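Taken from Swiss-Prot, the feature 3',3'-cGAMP binding site applies to Tyr13, Tyr108, Glu140, Trp146, supported by similarity to another entry. If you look up Swiss-Prot, you'll see Tyr13, Tyr108, Glu140, Trp146 marked as 3',3'-cUAMP binding site. Per Swiss-Prot, the feature active site maps to His45, Thr47, His114, Thr116.
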Amino acid sequence: MKLSKFLESQGTYVGIKLDEASKQELVRLQKTLRLKNPLDPDKFHVTVLYSRKQIDVPVVDTTFVATVEQVDCWKTQDGKHAVVAKMSCPALVERHEDLISIGGTHDYPDYTPHVTLSYDDVITPMFINTEVRLVDEYIEPLDLEWVANND
């Protein structure tokens, strides 16, 4: 396979981590919800872009302040469930849209910023109001085998 074809087959993943205080806030939420399979707080992140097309991502050094507004339960690609903390953060949505405008792709009709709290758990959705800080954006090649590797 030529290098150009290989690069065309690779995508781009952009994520952002939570600061320590925000991680601890979400750990308290996990405990309150009595989740059976809580995700390790060191794995907490928000996906900014999951693009099946490789793009050059302009680096930003910023902190986003987001409000967790709802805890929800989503069906995953492998048919299981994930408990997610859905958040409102207009600046993060703008960052996502900027990356789409320079050639990134997105598999879903809408971008919903969220942090996964647990896999293979089911809860009743509920509204909450918790502020979190998103720091340390990172970029890596898109892992199209992510579901298979995290089973």
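Placement of Cβ uses the backbone N, Cα and C atoms for every residue, glycine included.
Note that the structure is predicted; figures quoted are calculated from it, not measured.
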Listed recorded positions Tyr13, His45, Tyr108, Glu140, filtered to Cα within 10 Å of Thr116 (active site): His45
Task: Have a look at the recorded positions Thr47, Tyr108, Glu140 and say which one has the shortest Cα distance to His114 (active site).
output: Thr47
- prompt: Once the chains shown are all counted, how many other Cβ atoms turn up within 10 Å of the Cβ of His45 (active site)?
  reply: 17
Task: Determine, to the nearest whole angstrom, how far the Cα atom of Tyr13 (3',3'-cGAMP binding site) is from the Cα atom of Thr47 (active site).
output: 8
